[in-house]
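TrEMBL has this to say about the protein:
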type	residues	note
COMPBIAS	54-72	compositional bias 'Polar residues'
COMPBIAS	73-84	compositional bias 'Basic and acidic residues'
REGION	51-84	region 'Disordered'
């Protein structure tokens, strides 16, 4: 489509207002400390009793909780990754290849063989 830029604000709003699995919060809520207002809600009467300091305190508490959720999620991901890793045992005299992590265009991805 040539008019994709017209849909970008709606897509960004959708992303920012969906609860994320890692933080368990909406990005909009973590940024502004309140739920996002939909255009239809602008016509509804709002509650003027919200105190700014309460909103700021809730925002700080929720950001701390989000950090904790991220840490918990990272630990789970690490456990899943570590469960799949099995260190290889090498013997003296065995031939091995050494991975070239930054090969140039025409370089090979592996160097060697080398003897242990």
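Backbone N, Cα and C atoms are what each Cβ position is placed from, and that goes for glycine too.
Unlike curated entries, TrEMBL annotations are predicted automatically.
Outside the compositional bias 'Basic and acidic residues' (73-84), and at least 6 residues removed from its termini, the chain residues within Cβ reach (under 8 Å) are 21-22.
Sorting each residue of the region 'Disordered' (51-84) by its DSSP state yields 33 helix, 0 strand, 1 coil.
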